[in-house]
Amino acid sequence: HGRPNCRRPNPEPMQNGEAMSPDAQDSRGPPGDEENQGAIPSAPPLPQEPLPCPRPRLVFHTQLAHGSPTGRIHGFTNVRELYAKIAEVFDISASEILFCTLNSHKVDMQKLLGGQIGLEDFIFAHVRGETKEVEVVKTEDALGLTITDNGAGYAFIKRIKEGSTIDQIKTVCVGDHIEAINDQSIVGCRHYEVAKMLKEQQRGTPFTLRLVEPKKAFDMIGQRTRAPKSSEGKMVTGKETLRLRSKGSATLEEIPSEFEDKAIKKVDDLLESYMGIRDPELATTIVEAGKNKKNPDDFAEALDSVLGDFGFPDVFLFDVWGAMGDVKNGRL
């Protein structure tokens, strides 16, 4: 997609554009009739200023999660562009960035950057650390993994169910990027595709996961056993957020209403139970598609037009429709 060639509008008023007083304008005749009026010919028209760039001109502060100076970034409209801006500030490759958290440098999935960034949020980028390989044998149908992705081609582990097959393998951690399954690279696959591949692994047959863990600072090592400081990671909620979209431009929006907030959380829970993924941006898109619909058929049609690739099962759609109705009527 080509980017529009946008120039920032000049913040100062153009002096020569305002040089002519109303009196001077009144003394001139109609355009092209200067000779008859005996007036001084007007200056050639100023070149027309291009329309303001549609991208919100917002500046965000950012750091690498394992430690770095603070950088300032702006002018991004989706996650890939955000990563490119962060990479540019810290002179690294954008492919080094696994995911970002807001207002905490820890691998905290509650603070994961989704489709919304509050205007006061501080962005921490988690970059590639050690690579490791683990052998897994499925002892039951579910591995106990919930997958999400960073919107730029990397799927990673968002949750590990306590007591599950994966929970027994202590080298596998929340935040690990799944780079390959049985030496087959899954870089570029969406989270639902990765979840499906893991689901399809045969019980009793060993398979290998190649994982990349996020780089950690010394004070983050062993963090799973340490209680968080009470002042750490306070979420900042501005009155507006920057809504990032995988397609189209970012927009400034009001923070979600209480209905939308509850509905998004419920839909995210349903995504996990049906598909083994969590994705607040996807949940937000689903809620937006359904909140003004009158019946489940209209909702299914609207969802298919924006998210047809996912092939959601009908039972999932009915459960989502029911959950949104419950939230709307105060039952949840």
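Just so you know, glycine gets a Cβ as well, placed from its N, Cα and C.
Caution: TrEMBL annotation is automatic and unverified by curators.
The annotation region 'Disordered' is assigned in TrEMBL to 1-55.
According to TrEMBL, the compositional bias 'Pro residues' annotation covers 42-55.
In this model, the domain 'PDZ' (133-200) carries an average pLDDT of 93. Look at TrEMBL and you will find 133-200 tagged as domain 'PDZ'.
For the domain 'PDZ' (133-200), the DSSP-based tally of helix, strand and coil residues reads 12 helix, 24 strand, 32 coil.
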